[in-house]
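One structure below.
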Amino acid sequence: MSVPTSSAQWSSRLGFILAAAGSAIGLGAIWKFPYWAGANGGAAFILPYILFTFTAGVVLVMAELALGRSGRGSAVEAMRRAGGRGFAWCGGMAVLTSFLILSYYAVVGGWCAAYLAEALMGEAASSDPEVLKMRFGELVSSGGRNIAWLFAFLAAVCLTAVFGVHRGIERLSTCLMPIFFLLMIGLAAYSLLLPGSEAGLAYLFQFSWSTVTPQAILNAMGFTFFSLSLGAGVLVTYGAYVNKSTRLPAAAMWVAILALQAAILAGLVIMPAVFAYGLEPDAGPGLVFITLPMIFAQLSGGSVVAVIFYFCLFVAALTSAVSLLEVAVAFLQNECRFSRRAAVFLCFAALFILGSVSALSFGPWSDCLIFGRSIFDFLDYVCTNFLMTINGLAVAFVVGWKAWPKAMKELSTCSPENGVVTKGTLSAIGFGLRWLAPLMVLASCWQGLEA
Ligand code: PHE
């Protein structure tokens, strides 16, 4: 089938960078990073994460963007054009991956919406950890509430997507990402001023070889992947909307810097407070929903701050979810000739059904286990450990080996006022893509098998 090329475009370089950063900065950075860092020994996790971000990670971001910009269509089209017909199915797998991720990601997005609503009613903050733990437990285990919030979250995601690339996704990110950063900086400052917060800082940044384990390093690889939105076709799809005057390597670097900053900021908001209140740093997924409300209870004007924070968390989840949805929407538009509206609607229905299954796996269906994991955990496990990594490998192979001359051209294409990409930079990217990225991808896949 001949495929129409994409006509949608970001209106500016900044708009694109903020949208891509909005995709990268999500629940991974704010919800997952602090507790993963906690569970993996703090600095022993963070340092490899920084290292991987600026080596294999950023190189893969560049590769996905180049693939997308030269493909000018969906992830399937991009893979087909760069790798030949046989690789189109890799693009299809990326579409499936983003779809599956979104189905369970939206469940947690629903929790964020629920906490935002509670904050708006002035009920989010409490200084009693037991009350907070119970409240979180009740929300998560109630099938009805979980599904209702899932519905609300998906509705917000789909509404943004209906407005399109420029008027929906880009506008949302350009308005909200700067506000998000300002607020997070403010919260981190407050958290750092709490008596006893130094222990949290030391925990995050004091490096000691004794805490370094192969597991922590491999987990950091996996996290780098997730946090940069790699291996799910998102950056390929977003790349298709980038104009030819943008210098892709520089844009990718910005996305990586912003994603890293957001994760570190989230760590700085949470860990100092965790230590100041004598809580466990490896308490798990509840940290954002249990620890932060305690900080809010101590702040003057805390209820307002709570509203702002959960709004930010909701926005972070929303901009990432929108990017995940865009992969499937672009696919349906380009490959199946759906209108944007119809594509969004179909995805909404399918995601709601699949997402409900994940939502129920916390409560009524918690006994239903697949290979010893709940449905939600199983989907997360398969997507992050296998599907995303295999997609990453396919991108590294196609861009780094199969279509490298074409990719080099794409990576160095930009208008003269946006600078030049030197030969040295290109060969460094090529090396990273051919050797470092596949190694990192294979290692985190192997870790998935061990887990
Ligand atoms: N990067 C997002 C986050 O950290 C998750 C994501 C993964 C989004 C893959 C798009 C694609 O929350």
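Any Cβ shown, glycine's included, is placed from N, Cα and C.
Automated prediction, rather than curation, is the source of TrEMBL annotations.
Among the features that TrEMBL reports, transmembrane segment is placed at 12-31, 43-67, 87-107, 147-165, 177-196, 216-241, 253-279, 299-332, 344-366, 378-401.
Taking residue pairs at least 6 apart in sequence, the transmembrane segment (378-401) and the transmembrane segment (177-196) share fewer than three C-beta contacts under 8 angstroms.
No contact links the transmembrane segment (378-401) to the transmembrane segment (147-165), because fewer than 3 Cβ pairs that are 6 or more residues apart lie under 8 A. Same-chain residues lying 6 or more positions outside the transmembrane segment (299-332) and placing a CB less than 8 Å from one of its CB atoms are 6, 19-20, 22-31, 73-76, 92, 94-95, 98-99, 101-102, 105-106, 108-109, 112-113, 115-116, 118-120, 122, 124-125, 153, 156-158, 160-161, 165, 168-169, 172-173, 176-177, 179-180, 183-184, 187, 190, 229, 232-234, 236-238, 240, 262, 288, 292-293, 338, 340, 342-344, 346-347, 351. Contact between the transmembrane segment (344-366) and the transmembrane segment (43-67) is not supported: fewer than 3 Cβ pairs lie under 8 Å, counting only residues 6 or more apart in sequence. Outside the transmembrane segment (253-279) by six or more residues, the chain places 17, 20-21, 24-25, 28-31, 33-34, 37-38, 42, 46, 49-50, 53-54, 57-58, 61, 129, 177, 180-181, 184-185, 187-188, 191-192, 194-201, 203-204, 227-228, 287-288, 291-292, 294-295, 316 with a CB less than 8 A from a CB of the stretch. Remote same-chain residues near the transmembrane segment (147-165) are listed as 8-10, 102, 106-107, 109-114, 139, 171-172, 241, 317-318, 321-322, 325-326, 329, 340-341, 344-345, 347-348, 351-352, 355-356, 359-360 (criterion: CB distance under 8 Å, separation of at least six residues from the stretch ends).
Contact counts against the transmembrane segment (12-31), taken as Cβ pairs under 8 Å, peak for 216-241 among the stretches 43-67, 87-107, 216-241.
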